[in-house]
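Enquirer: Next up is a structure, given as structure tokens.
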Amino acid sequence: MHDIINHTKTLIFRKQKDILSSVIILSSMMVLSRFLGLVRNRTFATFFSKEELDLLIAAYRLPDFVFEVLVTGALSSAFIPIFIQYKKNPKELSVKISSIVNLLTLMLFVFMLLSFIFADVIIRIITPGFTPSQIKEVTYIARIYLISQMPFFVFGNILSGIAQANRIFMLTALAPLIYTIGVIGGTVFLSHSFWLYGPVIGTVAGAFLFFFIQLPILHITHFHYSPFVFERKVLREFFTLFLPRTFSVLTSQIEQTIDLSLATLVGAGSVTVVNFAQRLQLFPVAFVGMAFGQASLPYISSLYKDHNIDAIRKLFVDSILQLVYLSVPLGIFFIFARTPIVRIAYGGRMFDWEATVLTASTLSYFGLSIPFHSIFYFVTRAFYAAHDTKTPLYINLFSIFVNVLLSVLFIIFLHMPVWSLGISFSFAITLNVILQLAAYYRKVEGFHLTKLIHHSIKIYLAGFLAALPSYTALKVFDELLIDTSRSINVFLLLLCVFIIYGIGYLFFSWLFNIEEVYILGKLLRKIKILRRQVEEPVTQAS
């Protein structure tokens, strides 16, 4: 038993020695985190109606806005790079990082205080379709999040940044799972007694656990915190890195807030419908696009360091085609199997058929963006590898403007349903990727564009042809063979159709001689190798 505990500690606090193992751990935990997020939302749909969930989702917008602007930009662009820069000198590192932590703490206090005081005014502005009683409830919940959850979440993410800078990924990947489990637990056990405040209590408890389980990182990394330290030099360096990234995050958060505001104008439950559809759309994007984007950056960076432009061009085209091959079938599947997917994900007793149909329709329009949304993360990081952050920033700002403009046009002037927000998002992200591809084509003075277009057409054709028998099977099974009034039968239906679609996609890939089909075998072999490495300590302990 003692050996098992020791090996478990070793596994959790182990420093990863190569990029592949780090990425597989992060992407696996990312998918698991997304899955738990779906479980959380299904739990919400079991205990609350879509109208009640509108209040919960809207209440989280203000604290989430503050958190993303304050922490996300700081960690990715400034905190981790500065930590790595000074990590060889522990004493100097402690002073530098303590200065940044103290500054973030001060900023957190100011943001929390202002947000708490003006919460009522802010909520009224961002939820124009809510009634006064709804605004009052949302404001009260938002204030609880601000003073109870926010500090734990901010300092927990600082601990995550320290761990990631030391290449300790397992614990930081587990922490968000613990947080989500806390939310689920609060919903299941406290909602009957405390209504919407059940998940609110669970969220606060989850945030505390998120912070608490990462405290050992301070001991493992030998980091010593010094209060009341503000070193001007490192703070100037921090702001130099922090502000440009924060501006990008800020614009993205404004975009999400505008979408929330427009959804409140459509009708009751629309906020929940859009939120649930977006989360489903992000599931395949996280598995393919985000993980691939993280993995690609060091490889492209090393090629730029060696000035190997020919290799960069080849890697760029091959990587995009691999992304297209993996994401296109997922996007098509999410479109034609939208209703059973929504039923499996959110089929709680309080989520009625009207909400299911509306969420499924919205998901189908968000599903159009899955291939381009996946490519987006890779292309953006290709610019970062070339030390060009301005080009993707300008293109992102333009696409956000287009998204907001279309959303306002659809909702305010054309009075279209809430699924129109999915159309505006898909159009904007597609335009974003096309513009980034054109800009990158100029940056590297051309790449194999003909191959990219030709292979992409074949992949889309294979995905479309494979969908025809799969969609037919879905309709036949649903209407004639399977009683889909039970969730287990819906799951079996979805599994059967997915298998049929997968076999069909592989067949047409072989028929059209799509060479990207062979990356599936490579991925399986790499995952198998990593699994043996993870299982080895457990075997030794046994």
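Just so you know, glycine gets a Cβ as well, placed from its N, Cα and C.
Quantities reported herein were computed from a predicted structural model and do not represent experimental measurements.
So TrEMBL lists the following for this protein:
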TRANSMEM  19-39  transmembrane segment
TRANSMEM  65-84  transmembrane segment
TRANSMEM  104-126  transmembrane segment
TRANSMEM  138-156  transmembrane segment
TRANSMEM  168-190  transmembrane segment
TRANSMEM  196-218  transmembrane segment
TRANSMEM  315-337  transmembrane segment
TRANSMEM  357-379  transmembrane segment
TRANSMEM  391-413  transmembrane segment
TRANSMEM  419-440  transmembrane segment
TRANSMEM  452-471  transmembrane segment
TRANSMEM  491-512  transmembrane segment
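Help me understand the surroundings of these features in the structure.
Expert: Proximity of distant same-chain residues to the transmembrane segment (104-126), defined by a Cβ-Cβ separation under 8 Å and at least 6 residues beyond the stretch ends, is recorded for 58, 61-63, 66, 70-71, 74, 135, 138-139, 142-143, 146-147, 150-151, 154, 158, 257, 260-261.
Outside the transmembrane segment (315-337), and at least 6 residues removed from its termini, the chain residues within Cβ reach (under 8 Å) are 280-281, 284-285, 288-289, 292, 296, 299-300, 303, 363-364, 367-371, 374-375, 378-379, 382, 440, 444, 447-448, 451-452, 455-456, 459-460, 463-464, 466-467, 470-471, 474, 494, 497-498, 501-502, 505, 509, 514, 516-517, 519.
Same-chain residues lying 6+ beyond the ends of the transmembrane segment (452-471) with a Cβ under 8 Å from its Cβ atoms: 317, 320-321, 324-325, 328-329, 331-333, 336-337, 497, 500-501, 504-505, 507-509, 511-512, 514-516.
When Cβ-Cβ distances below 8 Å are used as the criterion, the transmembrane segment (491-512) is approached by residues 325, 329, 333, 337, 340-341, 344, 458-459, 461-463, 465-467, 469-470, 473-474, 477-478, 482, 484 of the same chain, each at least six residues removed from its ends.
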Enquirer: Considering only Cβ pairs under 8 Å, which range in 138-156, 357-379, 391-413, 419-440 makes the most contacts with the transmembrane segment (196-218)?
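Expert: So the stretch in question is 138-156.
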Enquirer: What parts of the chain pack near the transmembrane segment (419-440), using Cβ distances under 8 Å and only residues at least 6 beyond its ends?
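Expert: Same-chain residues near the transmembrane segment (419-440) but 6 or more away: 259, 262-263, 274, 277, 316, 358, 361-366, 368-369, 372-373, 375-376, 379-380, 382-383, 391-392, 395-396, 398-400, 402-403, 406-407, 410-411, 447.
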Enquirer: I need to check the long-range neighbours of the transmembrane segment (138-156): which residues 6 or more away from its ends have a CB within less than 8 Å of a CB in the stretch?
Expert: 55-56, 58-63, 66-67, 70-71, 104, 108, 112, 115-116, 119-120, 123, 127, 130, 175, 196-197, 200, 203-204, 207-208, 210-211, 214
